[in-house]
Amino acid sequence: MIAGTIGGRRNRQARRACQNTTTALAAAAESFAMPLTSGAYTHTGQYFVRFRVGTPAQRFVLVADTGSDLTWVKCGGGGKRRLFRPEKSVSFDPIRCSSDMCKTSLPFSLTTCPSPASPCAYNYRYSDGSTAQGIFATESATVMLSNGQKAKLKGLIVGCTSSFGGSSFRSSDGVLGLGHSGISFASRATARFGGRFSYCLVDHLSPRNVSSYLTFGPNGALFPSAARETELLMEPRLAPFYSVGVSGISVDGEVLKIPMSVWDVGRRGGAILDSGTSLTVLVEPAYEAVVSALSRRLAGVSRVDVDPFEYCYNWTAGAKVRIPKLVVHLHGPARLEPPAKSYVIDVADGVKCIGFASAPWPGVSTIGNILQQEHLWEFDIKNRRLRFQRSTCAR
């Protein structure tokens, strides 16, 4: 990488020829999409998107994550996964640690600067304790437009990760940052394509050959007459997470007794949507109310012990038991009514568990990807609206 940087004069000349704007094709097309699949085949609770970065394009499989804003690919760290080769990309341009961007605009950038020419380095930390270390650069990505043509998205902030910690990234080549911030892929792409992005998460246990799409720009599969809508909250305190206003949760029509402060960002509560987290995590007052209501109605089914869940059941014996209906009531008339398999989840043959985890209060609750599955979600960044509807995610 160092050798490529020192000898980059020739590359910079090539970059000047392709800077400034996206291609005319990008201006003419309304949207682009990337294939999106469940990571169940890798035994992870993530969703993967196919991503092409660099010039010429190098292909990678990244975690689609609305809970972070840095897009990065592995440039080192060993293992058998693909590695990005920055020296083979004429559009790779490291950001200097002496630059204003490094000093003021980039999250988790390190304050030490060995020399003005040194690249801007990061130590990015995730809420689950995972970390990624590397350098920031500007780079290009290749996308497939809705008119069937390819185009380049230029000037993207991309991390070149040389080392990482934790188990979150062992099965992928990096992360596609979809959170709200000035550096995220979502903010850069939506600024050029309709101010919105959407995704449909297939069943989290789907095999590798079942896919849907992550779409930037208008999505023809979203029907206004069928979609529910609520305000998309982009609270600075919770950045880069997207949050939603929750008014309550009901089980079989019974509105549970959960303090409203649990959903109030101003009182150190709130609820976020995170495609990079599998289970839905509720702070203690909400968790206790939801799990108690569900377990009370499943009391006739014999229980089994499965970590890390509190309530699991031998479903061979309880196959004919009706699963209670859970509804998350959002601000306005919007109601998230997930299928039963999204909250009483399959964890083994003949075993189901109440699929929630608890978090300390005060704190923020997380609507994870399992509760989001088999819904089409549209994040309208421009108008700050969240729209969603039930869907098979078939294309």
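Cβ atoms are placed via backbone N, Cα and C, with glycine included.
The Cβ of D65 (active site) has 29 neighbouring Cβ atoms from other residues within 10 Å, across all protein chains displayed. Marked as active site by TrEMBL: D65 (among others).
Other Cβ atoms within 10 Å of the Cβ of D274 (active site) number 23 in total over all chains. According to TrEMBL, the feature active site maps to D274 (among others).
Residues annotated as domain 'Peptidase A1' in TrEMBL: 47-389.
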Alpha-carbon spacing, D274 (active site) to D65 (active site), which is rounded to whole Å:
7
